[in-house]
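Some features that TrEMBL has for this protein:
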COMPBIAS  1-11  compositional bias 'Basic and acidic residues'
REGION    1-20  region 'Disordered'
DOMAIN    22-401  domain 'Amino acid transporter transmembrane'
TRANSMEM  53-73  transmembrane segment
TRANSMEM  100-121  transmembrane segment
TRANSMEM  141-159  transmembrane segment
TRANSMEM  166-190  transmembrane segment
TRANSMEM  210-229  transmembrane segment
TRANSMEM  241-265  transmembrane segment
TRANSMEM  285-309  transmembrane segment
TRANSMEM  321-340  transmembrane segment
TRANSMEM  346-368  transmembrane segment
TRANSMEM  380-403  transmembrane segment
Amino acid sequence: MDLSRAEKLESQNEVQQQPSKGTSFLRTCFNGLNALSGVGMLSIPYALAQGGWLSLVLLFLVAVLCWYTGLLLRRCMDTHPLIKTYPDIGEHAFGFKGRAIVSVFMYVELYLVAVEFLILEGDNLDKLFPNTAFKLAGMKIGGKQAFVVLTSLIVLPTTWLKSLGLLAYVSAGGVLASFILVICIFWVGAVDKVGFNESGVTLNWSGMPIAISMFAFCYCGHTVFPTLISSMKDRSKFSKVLLVCFITSTISYGSMAVLGYLMFGEHLKSQVTLNLPIKKLSSKIAIYTTLINPLTKYAIITAPIATAIEEKAVFRNSRSLSIFIRTALVISTVIVALTIPFFGYVMAFIGSFLSVTASVLLPCLCYLKLHKAARKFGLELVIIVSILVAGLFIGVVGTFTSIKQIVNHL
């Protein structure tokens, strides 16, 4: 790191150490849960349908694997007090090239997740209010496109919040929405007589690459973890935060996967809400809750991207410039969302290529580079090498399969 950057990071570190300036344990848990329990909650039943009942084992294995790599990121940050972000870890481990590689995967992943949020909103709002259209700047916009634009206008003010402490209040709404969604899906099956009558299949090898890629997507919060660690009052408690977040999110994901698969079996669509009978009140509540989730998560997902751009700007402390950058970021995600025709396969691509790299491979490689003791033969090295091999396999097979499916559906 050059001297000017080191001085800047040291200054930030001094501010961070002030207890009154940090984020509390509970708020960090909300932010972490909000990052992990994303749109994957809606697609996890579809992922289970792709892989069959035995793929549930892979869901739990992916959860454990990603929890462990999250701990590795925490240990990487402990090697130097000036490390504040994921790109900082890459730079400290591999120099400028490491920073560039980490930044590319991190920001592209976060960006595409934000795009998926908008697509999700458009799909579900169009199901609730078909044939809706309005005029914007003299242009008539209808259907899913109209709702994508409307959603962007709603989330825009939340992106202007720069404090993660403030975003924690928004995140609490997202965590509550995820809980309500699971309850609503259960209600549709148990009370509204949809039933849990689908037996499904035990194992579907052909759908396994898509299934495990989507599982990986569900736990792609690693790019946000260093930011959460840096925001905490007491960084030593992050390991407990990580445990709480992964246990809670895995219970939620597992419950949603089982409920959805028992209800709709092989007929599941990429978002379980698209299978719900629209005339039922519980279905409408589920869909409305689904609409709340992306609204509460969009800001925390795009915050690292906006911060990185602002640090490169000439007028770094300009509030008006910050608002302009974050607004431009929102507009760009709208443009991309309007041009992407698929949801499930795009999610699988993000999971297999970007999420596996950012959440599995890079944490292991950075940790091995920064900790010489970990490179000595022993149990820890065996575990890390096994994770790297598994991650490479998932990444290659999943990426190939998702791209093939996208091309076939064009």
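Residue positions begin at 1 at the first shown residue.
Even glycines carry a Cβ here, placed using N, Cα and C.
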Same-chain residue ranges lying at least 6 outside the transmembrane segment (100-121) that approach it to Cβ under 8 Å: 38-39, 42, 86-87, 89-91, 94, 144, 147-148, 151-152, 155, 220, 223-224, 271, 290-291, 294-295, 297-298, 301-302, 304-305, 308, 333-334, 336-337, 340, 343, 346-347, 350, 354-355, 357-358, 362, 366
Recorded stretch that, among 53-73, 141-159, 346-368, has the most CB pairs under 8 Å to the transmembrane segment (321-340): 141-159
Cβ-Cβ under 8 Å with the transmembrane segment (346-368): same-chain residues at least 6 beyond its ends: 39-40, 43, 65-66, 69-70, 72-73, 75-76, 86, 89-90, 93-94, 98, 101-102, 105-106, 108-109, 112-113, 116, 119, 209-210, 212-223, 270, 340, 374-375, 384, 387-388, 390-392, 394-395, 397-399, 401-403, 405-406
Non-local residues, at least 6 beyond the ends, that sit with Cβ under 8 Å of the transmembrane segment (210-229): 23, 28, 31-32, 35-36, 38, 40-41, 43-44, 46-48, 50-51, 55, 58-59, 62-63, 66, 69-70, 73-74, 77, 83-86, 88-89, 106, 109-110, 113, 164, 235, 238, 241-242, 245-246, 249, 253, 300-301, 303-304, 307, 344-345, 347-352, 354-356, 358-360, 363, 394, 398-399, 401-402, 405
Long-range environment of the transmembrane segment (285-309) - Cβ separation under 8 angstroms, sequence gap at least 6: 31, 34-35, 37-39, 41-42, 85-87, 103, 106-107, 110-111, 113-114, 117-118, 120-121, 124-125, 127-128, 151, 154-155, 158-159, 161-162, 164, 167, 170-171, 173-174, 177-178, 180-181, 184-185, 188, 223-224, 227, 271, 273, 276, 278, 322, 325-326, 329-330, 333
